[in-house]
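Taken from TrEMBL, the feature domain 'CN hydrolase' applies to A:4-256. The feature active site, proton acceptor is assigned by TrEMBL to A:44. If you look up TrEMBL, you'll see A:123 marked as active site, for glutaminase activity. Taken from TrEMBL, the feature L-glutamine binding site applies to A:129, A:186, A:192. Taken from TrEMBL, the feature active site, nucleophile applies to A:159. For A:299, A:300, A:301, A:302, A:303, A:304, A:305, A:306, A:400, the entry in TrEMBL reads ATP binding site. Here TrEMBL flags A:376, A:405, A:521 as deamido-NAD(+) binding site. Residues annotated as region 'Disordered' in TrEMBL: A:449-471.
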């Protein structure tokens, strides 16, 4: 049996950007061939990007993907790469049957050799939970696929196929393969890296062969793909792994002797704050670039949320492409203005000051608002200023709200909720502080200036919409709030379970009532990167018009 | 064989409002019993409301629904209605199995008799296309259910079960029943009434027995349920039907002699404009009431869109609960202001004038905007005024944009897109005119004052954001635009097919480019009632970050 070299091409595709995705496939194939690879494996739905949602149902899109795949196969051959085996994902189609006379789209992996598609595999298990809607758009496959390369039998499956017991993996075990290649579009969530390797280890043992796991990387709408491609041996050991959150070409040799597998470099693990911070940067980078922006604008209040968003933005697009706008009102404290300016200087952002009094006064002169209407007015004037700068100068507006605020509806629609992207949408307030400290410590470790002013981290949070206001006037302390939210939202516990955990009944009732009523606000919020197991929006889908309220005391 | 009387209880449930839904079930059962019914059939998921989306996954919600169902059964018995057979829908749970040790929610129909659940049926076919996501939240059932009432065999299925060939309907045909009872939550779309009766006729012939089709009515988020419950005979004839868009208790007797079925009243058909207009009214009524509002506020520009929305609103909540705000700028024509005032008087709305110049001038004094930024500024000041009135006075804000504008992105985020609900979101501009004329003619037929000023219908549409601006400066004529949009969006045709239909290539390319780039704007738009086969939002789900563009010339 020959030893063969497999290249795991961990790349960043863009949904619908078929030409560029095809170009990237060719480049990686060339690079892999140059490094002596026999096989190059790319992520799930490489040609089309992932997830394509209802684009799958459009005939012209299917035709476009099909034509691009044929062209890639031809280009590989014409570049002298015909003998390289290239495994890519794309949108396929079922063969018409009596039950389904019209072809239906499939989530397909194909094998290219010598200018042609020599084998293909349609994903069996179509996930339809959490962020996934594949059962909606794809028809499942029912066949297995094994391709031979220099006498070695390589089985093919796609992502969810290894997350379900039985199915094609069990069939691979029965048919016998020398390695199982898995194409993935597995979105990031905290701690998921370990879950993947443990799962892959179990499947490798089931199949009795190494498992080659190739994941995509990059931000796509509200999903962040973290890469972290790897190979586990037949005994479940991680043999080699790619770094996360970057494109990478990982080479691994499938040994002649199954009992003496080759090992390669293993990427260092990331701690919890680091992986989340990097997910935020990756998500924002992808959203800005893939939507054709070059710069971002955000309001700098002097508070911790906008400071962390600015730091993430500077890491994503460069401080010189960040515009921070201080928009003080009569209620803004001096320290807020100082902290905002200090932050902008630390990260090298453009800093502007635009007081809101002239506009607020104009509205008040006409409408004479008070109470919540007057508070919201201030937030909305700020939102309009940011949108005006976006329209005039072309920056993407970032919303700075965090998950705790979003959970309880502590935000102003068309005010601080304005923006194309909300980096902290899935980051609760406790984590906002932790990430800020982590990022500052990283700077200190590197001998750099910490991006976030210390006083933004230490002062009590305030929306500064009325004199002396602090968040804790309306909300429980954030550490307590975040615990209740975690139990109620992430773990879907009810009031009974929350009280049994020892939470105070008044706090529980107050928080649950706020959460149950805030769905319409959450629905209006911009997209943000999913980093936890349960992100608002794609993961958790609720009616707006619902009179369900968790039963209270 | 006994003749039995079946009551079709076409009711308006609310998602999550379990107590009120239970109360309605009891009231209808009482009413049906009073009318001599042996059996009363209610719509799909009566206890919980429909669609419940991810509420299905919350244990406390399942417990609440279960307790309410038990209570309904007990209350029926204690009110002396134990001998009445009551068929209701609710959320059920699978029995734990080795494959699935945890119970999973099901979409269940249950039969109540003598204070107890005597039979239950879990929906087999879980739709997961268009507006539906049931495969995401429910586990499918695999058993059939037949209940005997006075010696008559009544089969039970739920909604999608009759839309799929084979499955439980085929099993009913094999097992033999005297009638098939179908509980439905079938959302409105234009022309769907006929589709339903034709389908039901086919299934009735398959089963060889009458089919009793009970549908819900009322607005629920972006779905409108139109009722229109009916009975078809074993030969496919419609034997009786309920009026649409209203609650109704329809009685029908299952004859002893299958060859001599009873006939009852058949509701008159609605023409296309009437059914859509009534769907808009039903949708808005439900959204306002179920979200706890009593009144609405909207900007009145003098144009046709806001005029139609105001007319719909007056029909939904009463003209006295509509606040119309004229917000003229320096570009507003005199006729616009006159038409706005005229409209408000015609529908009996509160009318206010709030010029935007003071606020626009304040922003311009600080920011000196021009071009699109200056145009958007005007729309956003108007949005802020409406939100301020909403916050101060508690009205629901209505957005007035139509489907044609939304398709091409001809709207200002945080400007005219502000609002909790958008009645015309799924109504294209051509239909806006048709509905306006239809509504005015209805008034003339009734000897009432037509709600919409004639000049709002006849004048050329303009956003009035710069001097002399009309929509046709930036867009093709609406009749042409709507044809292209219909082909590209509703029928998912590509450029090739559009050109083959004879559309001008320049128009096609311009429109397609606009549509492909406007997804992020559509995503930010408020909910509105689905009335066509393909509504933006729930029906058509696309990534925002997509570089897919229909290939142009």
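The backbone N, Cα and C atoms fix where each Cβ goes, and this holds for glycine too.
Since this is a predicted model, take the numbers as computed values, not measurements.
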Among A:44, A:305 [recorded positions], residue with fewest other Cβ within 10 Å: A:305
Folded-back contacts onto the region 'Disordered' (A:449-471), same chain, C-beta under 8 angstroms, at least six residues removed: 301-304, 307-308, 310-311, 314, 329, 331-333, 335-336, 339, 342-343, 346-347, 375, 378-379, 410, 429, 433, 436-437, 439-441, 443, 478
Three-state secondary structure, which DSSP defines for residue A:299 (ATP binding site): strand
Sparsest-packed among the recorded positions, when each Cβ's other Cβ atoms within 10 Å are tallied, from A:123, A:192, A:521: A:192
Residues from A:129, A:192, A:303, A:376 facing chain B - binding-site residues, CB under 8 A: A:129, A:376
Those residues of the chain, 6+ apart, with a Cβ under 8 Å from that of residue A:186 (L-glutamine binding site): A:159, A:192, A:196, A:215, A:216, A:225
Neighbourhood of residue A:405 (deamido-NAD(+) binding site), C-beta criterion under 8 angstroms, separation at least six: A:411, A:429
Deamido-NAD(+) binding residues A:376, A:405, A:521: largest Cα-Cα distance, in Å and rounded to whole number: 15
Nearest-integer angstrom distance between the alpha carbons (Cα) of residue A:301 (ATP binding site) and residue A:376 (deamido-NAD(+) binding site): 15
Euclidean distance between Cα atoms of residue A:44 (active site, proton acceptor) and residue A:129 (L-glutamine binding site), Å: 18
Cα separation, residue A:44 (active site, proton acceptor) to residue A:123 (active site, for glutaminase activity) (Å, whole number): 10
Residue pair residue A:305 (ATP binding site), residue A:44 (active site, proton acceptor) - Cα distance, angstrom, rounded: 35
Nearest of the recorded positions (A:44, A:376, A:521) to residue A:299 (ATP binding site) - Cα to Cα: A:376
Tally of DSSP helical, extended and coil residues in the region 'Disordered' (A:449-471): 6 helix, 0 strand, 17 coil
Within the predicted model, mean pLDDT of the domain 'CN hydrolase' (A:4-256): 97
